[in-house]
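Here is what TrEMBL says about this protein:
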- 68-248: domain 'OTU' (DOMAIN)
- ILE198: site 'Interacts with free ubiquitin' (SITE)
- TYR212: site 'Interacts with free ubiquitin' (SITE)
- ASP214: site 'Interacts with free ubiquitin' (SITE)
- TYR238: site 'Interacts with free ubiquitin' (SITE)
- TYR243: site 'Interacts with free ubiquitin' (SITE)
Amino acid sequence: MAEEQQQETTQGEMEAGGVNCLAYDEAIMAQQDRIQQEIATSIPLVSDRQELSVLQREYAVEDTIYQLKIKVSKPQESCITRFESQISSLFKAVAAKSKLDLVNQGFTEFTIEDFHNTFMDLLELCEKQPGLRELLGSFRDQSVSDYIVVYLRLLTSGYLQREHGFFQHFIEGGRSVKEFCQQEVEPMSKESDHIHIIALAQALNVSILVEYMDRGEGGSVNHHVFPEGSEPRVFLLYRPGHYDILYK
């Protein structure tokens, strides 16, 4: 009897421990959500154009790696922001056709139509060359921004799956390209990496140069062009977990 009571007590402690662990995990997730909400309400989705020197204030003076790399970047870059409004007719034609490409791949037209329409509406607005305030207002509108991000994620997913034979070699964990897209590309709030940028640049026929400001040793800021060998038209500054647009 005593042994049975001990087993029951041990089992009860394990269950209680499991409940406590679950409650702790939920508390951590709730805290992270609050932090994200605070960031969302205090930081605009698209900033005003800013001098590159603002980055120096974001890192401690003792952070020699980042401080040095910011100084190295200054002669090359004039300022940063988070969007570019130049729209070419070729880009617009590719964007217009992109919905049909996705539908032909098996994406449901009804599901993607609103996202595509919002994307095209924003391109139409950019073509009209509106005032900066109006343009920033559109990019800062959460509903517009979310729809555009969703559509760009779908475009990236579609291209990765069309070219799965090539991209399969870059996917880790034994996942298929489709599984990778479902887990790392299509869901919101997933960070973008090399593979995302390569696919989206090629899907929209836009050449992108990314300056990588990370904690790698040395004072130089490494960069990559996507696709390789092309003439970049969009310039991005990467810092861990974040991209800014650069103006040269």
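Including glycine, each Cβ sits where the backbone N, Cα and C put it.
Where the annotation comes from TrEMBL, it is an automatic prediction and has not been curated.
Keep in mind the model is a prediction, meaning the values are calculated, not measured.
This view paints the features noted in TrEMBL onto the structure.
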| residue | record | CB count, 10 Å |
| --- | --- | --- |
| ILE198 | site 'Interacts with free ubiquitin' | 22 |
| TYR212 | site 'Interacts with free ubiquitin' | 16 |
| TYR238 | site 'Interacts with free ubiquitin' | 20 |
| TYR243 | site 'Interacts with free ubiquitin' | 16 |
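Looking only at the recorded sites ILE198, TYR238, TYR243, the one with its C-alpha closest to TYR212 (site 'Interacts with free ubiquitin') is TYR238.
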